[in-house]
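A.B. asks: My questions all concern the structure below.
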Amino acid sequence: KKDGYPVEADNCAFVCFGYDNAYCDKLCGDKKADSGYCYWVHILCYCYGLPDNEPTKTNGKC
């Protein structure tokens, strides 16, 4: 398992407007992660415990 910013089909991370932790936690759960939250510095969803084969970004939106 790994931690990171999950990406959409265009290789951009998921934006979480309004700092919506519930949105990110659900999104991460749908991707089989343990949990997730909205990282306020970048306004992007960050997941903990993603499967190793799930694409992620290490930094930046795209």
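Cβ atoms here come from the backbone N, Cα and C positions, even for glycine.
Got these off Swiss-Prot a minute ago, pasting:
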DISULFID  C12-C62  disulfide bond
DISULFID  C16-C38  disulfide bond
DISULFID  C24-C45  disulfide bond
DISULFID  C28-C47  disulfide bond
DOMAIN    2-62  domain 'LCN-type CS-alpha/beta'
MOD_RES   C62  cysteine amide
A.B. asks: Out of C24, C38, C45, which of the disulfide-bonded residues is least crowded by other Cβ atoms within 10 Å?
C.D. replies: C38
A.B. asks: State the count of C-beta atoms found within 10 angstroms of the C-beta of C47 (disulfide bond), not counting that atom itself.
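C.D. replies: Here the count is 26.
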A.B. asks: Which one of these disulfide-bonded residues, C16, C62, has the sparsest Cβ neighbourhood, judged by other Cβ atoms within 10 angstroms?
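C.D. replies: It is C62 that, of the disulfide-bonded residues C16, C62, has the fewest other Cβ atoms within 10 Å.
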A.B. asks: Taking only C-alpha atoms and a 10 A limit, tell me which of C12, C16, C38, C62 are near C24 (disulfide bond). These are the disulfide-bonded residues.
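C.D. replies: Qualifying among C12, C16, C38, C62: C16, C38.
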A.B. asks: Between C16 (disulfide bond) and C45 (disulfide bond), how far is it from one CA atom to the other, in Å?
C.D. replies: 6
A.B. asks: Can you tell which of C12, C28 has the least company, meaning the fewest other C-beta atoms within 10 angstroms of its C-beta, among these disulfide-bonded residues?
C.D. replies: C12
A.B. asks: Determine, from DSSP, whether C45 (disulfide bond) sits in helix, strand or coil.
C.D. replies: strand
A.B. asks: Rounded to an integer, what is the Cα-Cα distance in Å between C45 (disulfide bond) and C38 (disulfide bond)?
C.D. replies: 5
A.B. asks: In terms of DSSP three-state secondary structure, what is the assignment for C28 (disulfide bond)?
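C.D. replies: Looking at the DSSP assignment, C28 (disulfide bond) belongs to a helix.
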A.B. asks: Sorry to bug you, but what's the C-alpha spacing from C47 (disulfide bond) to C12 (disulfide bond), rounded to the closest Å?
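C.D. replies: It is 14 Å, counting Cα to Cα.
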A.B. asks: Pop the mean pLDDT for the domain 'LCN-type CS-alpha/beta' (2-62) in here, whole number is fine.
C.D. replies: 93
A.B. asks: To the nearest whole angstrom, what is the C-alpha distance linking C28 (disulfide bond) and C62 (disulfide bond)?
C.D. replies: 18
